[in-house]
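K.L.:
This is the feature table in TrEMBL:
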DOMAIN    5-122  domain 'Response regulatory'
DOMAIN    149-214  domain 'HTH luxR-type'
MOD_RES   57  4-aspartylphosphate
């Protein structure tokens, strides 16, 4: 099986070394690059774009994680981005997800959680630490306590609603297909329709939309 190629971005060398030590213990991963800030990361990506997942901190000197995400998604849209940071406030989370980060984990997460999250994002899903989702939901509820009616927002089909619900439960395309007894290709088609109907740029934006509109009681 081909290894997942990771690029690490963090302004603390000790953290990068720690990540490399335990990630390389898993045969699924290969570290293809590292940088101490967004600016250095972009310079290195010009030389090598063979990266599956970019794992980045948010608060860094010279170029922070948010600006890095914006640049990478514009220049190298195939690279998936995950945030690994101490910043758990909703404003940081929402900005990163809105720009295209497919995962957001806090640095106090377990090694196994990080490994699981990377593998899930690599397979086409999304992953957020439990505290991340809670921070977004709590912030939205403070601002807008009234629940929206899904029918009043966009005209989603029953199947699209089912797919969206499973996306929010962090299911991969394969898992969604198996649960709904449809093909992975059909799941992809439903996701494209959901993006178009909600005006979302990517899956992260779609998730923010669903949480913002409080479309599901159990999320």
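Keep in mind that glycine also has a Cβ here, set from the backbone N, Cα and C atoms.
Note that the structure is a prediction, hence the values are computed from the model and not measured.
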K.L.:
Give the three-state DSSP assignment (helix, strand or coil) for residue 57 (4-aspartylphosphate).
P.N.:
coil
K.L.:
Are there any residues in the same chain, six or more apart in sequence, whose C-beta is under 8 angstroms from the C-beta of residue 57 (4-aspartylphosphate), and if so which?
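P.N.:
Long-range Cβ contacts: 9, 10, 11, 12, 15, 65, 83, 84, 85.
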